[in-house]
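Structure record follows, encoded as C-alpha cells.
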C-alpha cells in the first residue's frame with residue numbers, strides 16, 4: 001500500500017516539493033539560499049506579527065510604541081531586534097541567490113527568473129515601507145525623499161506624490177497606509193514564492209556544471225533537507241548573534257531621534273541593502289533620469305536571459321566572463337560604499353563611473369565576452 005504522504009491530496013503536494021523531489025546530486029552550497037530565504041520570510045512574518053500586535057500607526061504614538069515594545073513587552077526588544085536585523089539577512093540571502101543565478105545561468109529558466117525579479121521588487125517595497133514605521137528622523141526623511149522621486153513622472157508626477165502621501169506632505173495618512181502595505185505585502189511575497197517554486201519544479205533545478213542532470217538525480221530528503229538544515233542553523237546563529245550582541249550595528253543613529261519635519265538630517269541615506277541603487281540614483285544629475293536608472297538597475301535583471309549569447313550555460317568553464325562577473329560584484333560593493341558617502345568630490349565621479357560600469361557589464365561587456373568565448377572555442 002502506498003504511503004499516505006504520496007496519496008493524500010495535500011500531503012502529496014508537500015511530498016513532491018520537499019521529500020521525493022528529484023534533485024541534481026552535485027548542487028553546491030549556493031543552492032541553499034532559496035530555502036534560507038524561505039526561513040527568513042517565515043521569521044519576518046512571525047516576528048512582524050508579534051510587533052504589529054503592539055505597534056500603533058499614528059504619528060503621535062508610533063515612535064513611543066516602538067520604545068514601549070522594547071521596554072515593556074516581554075522579549076519585545078528581542079523580537080524587534082530579530083525583525084530589524086532579519087531584514088538585513090533577508091537581503092544578504094537574496095543577493096547571494098541572485099549572484100548564484102547569474103553565475104550558473106539559472107536565469108535561463110525564464111519564468112522562474114522573472115517571478116524572482118518581481119519578488120525582489122516586492123521585498124524592496126516591503127523593506128522601504130517598513131523602514132518608515134518607527135517614525136524616526138531617517139524614517140520620515142527617507143519616506144519624503146523617496147516618495148518625492150515620483151514627482152519626476154511627467155504630467156501626473158505631483159498628483160501621484162500627493163495621492164501616495166494622502167495629503168500635501170508625509171503625514172499621518174502616509175504612515176497609516178505604509179503600515180497597511182507593510183502588513184499586506186509579505187503575504188503577497190509568500191504567494192509569489194509559491195509561484196516561483198511552481199515554475200522551478202516544472203523544470204527542476206540547475207546545477208554547477210550547467211548540464212542536464214536527469215541521469216543523476218537524488219531525492220531531496222534526506223540529502224538536501226539535512227543540508228538545508230545546516231544552513232538554517234548557521235543563519236539563525238548569525239542572526240541571533242547580531243540581534244543579541246550588536247543589534248544597532250546596521251541601523252542609522254538618526255532613527256533614534258523622533259521624526260521632525262523642521263530638521264533635516266545631515267546625510268539622508270537608506271539602509272545598507274539599498275545603497276547601491278541609491279548611488280545609481282544620485283549619480284545622474286537629472287531627476288527623471290535618476291529615477292529611471294534606479295528602476296532599471298533592478299529591471300536590468302529581466303534582460304539577462306535575452307542577452308545570453310554563450311553556447312554554455314554557466315560560467316564554470318568561461319574565465320573571461322567569470323572575470324566580468326567578479327567585476328560586477330566589486331562594482332556593486334563600490335556602489336554600496338558610495339551610496340553611504342556625502343555628495344562631494346571624489347565620491348560623485350566614482351559613483352558615476354561605477355554606475356556606468358554596472359549597466360555596461362550587464363548590457364554590453366558580458367554578451368560581448370560570451371560571443372568572444374564562442375568564437376575562441378569555434379562553437380559559433
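Every residue gets a Cβ built from N, Cα and C, even glycine.
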Annotated range (Swiss-Prot: transmembrane segment) out of 178-198, 199-219, 262-282: 178-198
Would you please say which range out of 141-161, 288-308 has the annotation transmembrane segment in Swiss-Prot? 288-308
The residue range that Swiss-Prot labels transmembrane segment, out of 33-53, 54-74, is 33-53
Of 8-28, 113-133, which span is tagged transmembrane segment by Swiss-Prot? 113-133
Contacting positions for the transmembrane segment (178-198) when only residues 6+ beyond its ends and CB under 8 Å are counted: 17, 37-38, 41, 44-45, 48, 52, 55, 57, 112, 115-116, 118-119, 122-123, 125-126, 129-130, 132-133, 143
Minimal Cβ count within 10 Å, across the binding-site residues 97, 182, 196, 201, points to 201
Considering Cα atoms only, can you say which of 83, 97, 182 is the nearest neighbour of residue 201 (ubiquinone binding site) among these binding-site residues? 97
Would you say the transmembrane segment (77-98) and the transmembrane segment (347-367) are touching, if the rule is that at least three C-beta pairs must lie under 8 angstroms and be 6 or more residues apart? no
Best-contacting stretch, by C-beta pairs under 8 Å, relative to the transmembrane segment (77-98) and drawn from 33-53, 113-133, 226-246, 320-340: 33-53
